[in-house]
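Under the heading (6S)-NADPHX binding site, TrEMBL lists 59-63, 126-132, Y137, D155, A258, G312, H365, D432. Summarising the annotation, TrEMBL assigns K(+) binding site to N60, D122, S158. Marked as AMP binding site by TrEMBL: K402, G403, S404, G405, S406, G431. The domain 'YjeF N-terminal' feature in TrEMBL is assigned to 11-215. Feature annotation from TrEMBL assigns domain 'YjeF C-terminal' to 223-492.
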Amino acid sequence: MDNHLYTVAQLRAIETAAYTGLPAGTLMRRAGEAAARYALELLGDRRDKPVLVLAGPGNNGGDALEAAARLADAGVDATVLFQPGQREISEEAQSAHERARAGTVGFIDMLPPDGDWGLVVDGLFGIGLARPIEGDYREMVDAVNAMRCPVLALDVPSGLDADTGAVVGPGGVAVRASHTITFLGDKPGLHTLDGRDHAGQVRVEMLGVDPAQLPAPVARRGGAELFGHLLAARRHNSHKGSYGDVAIVGGAHGMLGAPLLAARGALHAGAGRVFVAMLDAGPGYDSVQPELMLRQADGFDFTGRTLVIGPGMGDSATAMRLLARALDGDSPLLIDADAINLIGASPDLLARLAGRAAPSVLTPHPLEGARLLGMTTSVIQADRLEAAREMALRTRATVILKGSGSIVARPDGEMVINPTGNAGLATAGSGDVLAGICGALLAQGWPAWEAALGAAWIHGAAADLLVAHGIGPIGMTAGELPAAARAVLNLLVAEVSTPSGPPRS
Ligand SMILES: NC(=O)C1=CN([C@@H]2O[C@H](COP(=O)(O)OP(=O)(O)OC[C@H]3O[C@@H](n4cnc5c(N)ncnc54)[C@H](O)[C@@H]3O)[C@@H](O)[C@H]2O)[C@@H](O)CC1
Ligand SMILES: [K+]
């Protein structure tokens, strides 16, 4: 499946299985051919421009040498900077080296200061990277990152951990590619944490391996097809009661904006009625969104309502009491922000959450996730997939671990990396809007898993839509997201409602 993501350990097993029965060097040859094809595609009508190929000490370097030979065969002026290191290179890489030397490929020992390249091919390190990039290799990476031309990374941008998306450190560097062609299977590290910034656009090349032979993936890449079966056109004969009630519970003194943003998110994602149950006395109504019904949290009846609890809620005794009541009830629950912190600090609340039968979704950012697991943020970020899986396991809830490439995880270990969104979401209040959108989908009867997948995807796509219209990423505000999310949702519904078929990812 093209949305499957594999760990390095799995890829090594796939590679070993794939090699059985194939003449030596076949996979490297196929990788080099595919890379050269992609390079030619990226060059387009600039094929007269020289291409710089960086080849490192392992088989990633072998792929690069193969690609260089193919590019030269196609008439491209290909120049290789080959840095083999101390160890002997593999036989396959050696053959690729000989092939490149036999043709018209040019070889250089150091980068010229004034190179005017049409494309750089990064074949320094792939999944065999074992430590931070230093010395000459580091200089090469720094030089490539200072160039303005497109950069095609082979398998993985050199310096990036293919499992986690972290730049391998301490003090490491990684190539910032505009495009990555990745072999045998896609990798989670290309899609989360630093991965999106370094990998650019990712193409998967199976090298002739039958997808049916592949193992179960560690995670999948998100797409609208994962929740598309729940998108439905609205019936004419329906009313506000048909689309559920959402109540946002939060808004302690001085923090009233957060629940209002969540409420606007819920309203624009189609909830029938949206209440804001404030801990603070607060305003009587929201003048920007007078459709919202503002109430006092104390004494507010949770029955029959989907609850979004936590935005701006604080950590008072009242907040704790409301959270305990929500956890003990049977309303679908979206737990965000301060409510996550309270659960992280209380084994009793955690036990209540884990014991719930009704749908529960948690939306921690890395710091809230760290509090929940009793770890530091850097430990969470060092392996976001593992952290999200652990949170889902401990809470028995569906978890959206936010950040670049949000991870959606559920207690049985199923995980999806959300592909939408951009840096514009790194702004105060965007998480509140996500919570509101997810609450609205729960209120419309979506199961927790699909509601989480849908909310993460729609929220990110809303930000992408805003950027496409010049609104962000710089200066995008959370208050602009709800209307954009509404547009995305209606587009998705229109796509499934037309005869042309299911939504595209
Ligand atoms: N074996 C196969 O079946 C295939 C492998 N392929 C390519 O081979 C790559 C994996 O090859 P390798 O396992 O040789 O790994 P790499 O090519 O990623 O590099 C490993 C080599 O680099 C050295 N090294 C690791 N970190 C270093 C650092 N920071 N500084 C200096 N040297 C360092 C290691 O000692 C080793 O010699 C894949 O990413 C892919 O590009 C493809 O050709 C497809 C098929
Ligand atoms: K690489």
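The chain as shown is numbered from 1 upward.
Here the Cβ of each residue, glycine as well, is placed from N, Cα and C on the backbone.
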Task: Which of G62, G312, G403, G405, all binding-site residues, has a Cβ with the fewest other Cβ atoms inside 10 Å - done: G403
Task: Proximal but sequence-remote residues of the same chain as D122 (K(+) binding site) (Cβ under 8 Å, at least 6 apart) - done: L54, A64, V144, V151, L152, A153, L154, P157, S158, V175, A177
- [ ] Determine, using Cα-Cα distances only, which of these binding-site residues is closest to K402 (AMP binding site): N59, N60, G62, A130, Y137.
- [x] A130
TODO: For ligand 2, pick out the binding-site residues S158, K402, S406 that have a CB under 6 angstroms away from one of its atoms.
DONE: S158
Task: Shortest C-alpha distance to G405 (AMP binding site) - which of the binding-site residues N60, I127, A130, Y137 - done: I127
Task: Using Cα positions only, nearest of the binding-site residues to G312 ((6S)-NADPHX binding site) (N60, G403, S404, S406) - done: G403
TODO: Starting from each candidate's C-beta and looking 10 angstroms out, tell me which of the binding-site residues N59, N60 has the most other C-beta atoms.
DONE: N60
Open item on the list: Please check the binding-site residues D122, I127, S158, G403, S406 against ligand 1 and give me the ones with CB under 6 A, sequence order.
Closed with: I127
Task: Env. residues of K(+) site, Cβ within 8 Å of mean position of N60, D122, S158 Cβ - done: L54, G56, G61, A64, G123, L124, F125, G126, A153, L154, D155, V156, P157, G159, V175
TODO: Take the domain 'YjeF C-terminal' (223-492) and average the pLDDT across it for me.
DONE: 97
- [ ] With an 8 Å cut-off on Cβ-Cβ distance and a minimum sequence separation of at least 6, pull the same-chain contacts of S404 (AMP binding site), or say none.
- [x] T192, L193, D194, G195, R196, D197, G421, A423
TODO: Among N59, N60, A130, Y137, these being the binding-site residues, pick the one whose CA is nearest to that of S406 (AMP binding site).
DONE: A130
Task: Beyond the site residues K402, G403, S404, G405, S406, G431: chain residues whose C-beta lies within 8 Å of the centroid, for AMP - done: T192, H365, I400, L401, I407, N418, G421, L425
Open item on the list: Return the residues near I127 ((6S)-NADPHX binding site) by Cβ distance under 8 Å, restricted to its own chain and a separation of at least 6 in sequence.
Closed with: V8, L11, R12, N60, D155, V156, A162, K187
